[in-house]
Amino acid sequence: MPKTFHEIPRVRPATPVLDRAATPEQLRRLGEAELEELANELRQELLYSVGRTGGHFGAGLGVIELTIALHYVYDTPDDRLVWDVGHQAYPHKILTGRRERMGTLRQKDGLAAFPRRVESEYDTFGVGHSSTSISAALGMAVAARLKGEQRKSIAVIGDGALTAGMAFEALNHAPEVGANMLVVLNDNDMSISRNVGGLSNYLAKILSSRTYSSMREGSKKILSRLPGAWEIARRTEEYAKGMLVPGTLFEELGWNYIGPIDGHDLPTLIATLRNMRDLDGPQFLHVVTKKGKGFAPAEADPITWHAISKLEPVGAPPAPKKPTGPKYSNVFGQWLCDMAAADPRLTGITPAMKEGSDLVAFSERYPDRYFDVAIAEQHAVTLAAGMACEGLKPVVAIYSTFLQRAYDQLIHDVAVQNLDVLFAIDRAGLVGEDGPTHAGSFDLSYLRCIPGMLVMTPSDENEMRRMLTTGYHFEGPAAVRYPRGSGPNASIEPALEPLEIGKAVVRRRGSKVALLVFGVQLPEALQVGDALDATVVDMRFVKPLDEALLRELAGSHELLVTVEENSIMGGAGSAVAEFLAAEGVLRPILHLGLPDYYVEHAKPSEMLAECGLDAAGIEVAVRKRLAALGKA
C-alpha cells in the first residue's frame, strides 16, 4: 500500500528506484516487486518538485500508481497516451525524461503546466481544457487503423471531465467505428460508485481476461441458435456484473466496461491493463483513486490542496508583499450576494468554478438560486437563456477561456433572442503560469461582433462593481470582463449604482497623444501620460463606444493609442478604427494589445512586458510611432 507523508520535503529525497526509471523504457525494465517502492519515491519527488515551483498538486498525487502502470504495460510513446485536462500529468512528466527540468515548471522558458506536443514525444496531445481526451484518442485510433499500424490509444479522463457533453459524444461514436482503444476513468471523487473492494477487483481481472472474452464469444455463437437461452444467459451476466459494477451505461453505448478497481493497487492495475491491452474494440476501465493520495493534508482537504504556491526556502525571510486590493473574483462574489439580497429574481450559474469565481458565499446564502452545472459550459449558457425567458435574471460566472466553448449558445440561445443574461467573465487577458490554454485573449474580439451585446472592461474594483450592476439591469445580453488577481485597491462604493452606458471618463488631459485604455492597464497608461503629457481615457465600454468623445479626441490629437489586454486583431482597438473609418476621420492610430501568437507561460509581469503592455513598453511604442510620424 502507498506510504502516507505529512510534510512537503524541502530537501530532495533519496530515490534509488526512481533514479533507474528516468524514461518509460527504463521503467519497463524494473521488476514488478520494485514498483511499490517506485510509487512511494515518485510521490515524494512530486511533493518536492511542486513545493519548489508551485502548481497543481492533488490530482497528480492521486494517479501515481495509474501513471506507473500505464507506462509499464503500454509501449509509450508508440502507444498513444492522452491525458485529459493535464492537472494530473506531473508524474507523467517526471517519468518521461523531464525530472531534472521540473524545477522550471510553469516558469518562463520552462516546462508547461500541461502536456504539450512541442515539449515531449510522450505528450501525444496538447491539453488544458477538459473532456477532449476521448475524442483525441479516438482520432489516433482511427489513424492507426487506416495506416495499418498496431499501436494502442489510451485516454485518461476524470469523473468531473466526464460530465461534459463532448466526452459522451466521443463515447457514443467510438463503438460505431469499432475503435481499438482504452478509456481509463479516473474517478477521484467517488461520484459514480463507491463499490470498490476485493470482490470487484477480482471480478475485473476475470472480465478483462482473454480467456473470459473468448469463452463469452464462444457461448454467444452457441446460444445465439437458441434465442431464449441466449437472452437468459445475457441477462444473468448483466445482472451479476450490475450487482458489482456501475457500468450499464457504458455497456449500452457499446463499450466493454471493467471495474471499478482500486487505482492505488498496482498489481491489480497492471494485471487488468495487460488483459485489456490484448482485447479488440473499445474498452473502458473504471479506476477509483483518492485525490491527494499519500499526502495527509491533501487527502483531508483536496480542494485547498488542488494546487499550491511555491514554498519559500527554509530560513529565507518572507517576500515583501505590495499592498493590493481585493481580488476581482472577490468583488464579484460580494456584488452577487448584495444584488441577490436586493432582487429575488437573480440566479447564479457556474460550470464547476464555485471557488475560482468566488460563488461560495452565494451558494451558502442562496442554495436554491445557485446552480453548479459541472463542466458543461454549453448547458450553463442555455440554462441561463431558459431562465431569462421566464423572467429570472441569471448571472453566468465563467472564465473567459471557457466561454469560448459555449459561443454558439451565446449567439443562438441568448443574443438572437435578446435575453437578459449577464456574463461575469473572469480570468480575462493573460493569466500567467497556466499559459495560453487558460488565457482570456479573445473575448473582446468574439463578443463585440455580436449584435445587441453590451461589453464592458473595468479599470478597478469599484468600476467593476458598477459595471456588474449596469449589465444586470441592461435589457439584453451583457458582459463584464475582468482579470485574474487583485486590483489597485480602489475605494468600493457599497451602493448598487449603474454607470451611464457608453460613457468614457477622461482621467488626464494632455496634448498630441491620447491613450484610450480598455481595462486594467489604466495605471500604466497614467504613468506614460505623465511622461509624455498625453491625454489618458478610461474607455470603460467596448460596445457601445463613447463616439462623441472619440470624435473630439481625433480632432484634437495627432495620435490615438488604444491599449487592451486582448488580441489586437478584432479587439477594442479595431472597434475604434472601424468607427473612425466609418466617420471618414483620418487619424494615425497605434494599437497595443496581445500579439498574433500564443504568449507562453510565465509570470504575469513577464508576459505583459513581452507584449509591451507594461508602462515601459507602452511609452517605448508611443515614442517610436511619434518618431515615425515626425512628431517626436
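A Cβ is built for glycine as well, from the same backbone N, Cα and C atoms used for every other residue.
According to Swiss-Prot, the protein carries these features:
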BINDING   His87, Gly128, His129, Ser130, Gly160, Ala161, Asn188, Phe295, Glu377  thiamine diphosphate binding site
BINDING   Asp159, Asn188  Mg(2+) binding site
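What Swiss-Prot annotates, mapped onto the structure for a quick look.
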residue : record                            : Cβ contacts under 8 Å, 6 or more apart
His87   : thiamine diphosphate binding site : His56, Ala59, Gly60, Phe114, His306
His129  : thiamine diphosphate binding site : Val85, Thr401, Phe402, Arg405, Thr437
Asn188  : thiamine diphosphate binding site : Ala59, Gly62, Gly158, Asp159, Gly263, Val288, Thr289, Lys290, Lys291
Glu377  : thiamine diphosphate binding site : Pro351, Ile398, Phe402, Leu403, Arg405, Ala406
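The Cβ neighbour count for Gly160 (thiamine diphosphate binding site), using a 10 Å radius and every protein chain shown, is 20. Taken residue by residue with DSSP, Gly160 (thiamine diphosphate binding site) is part of neither helix nor strand, so it is coil. When other Cβ atoms within 10 Å of the Cβ of Asp159 (Mg(2+) binding site) are tallied across all protein chains shown, the result is 19. In the three-state DSSP scheme, Glu377 (thiamine diphosphate binding site) falls into the helix class.
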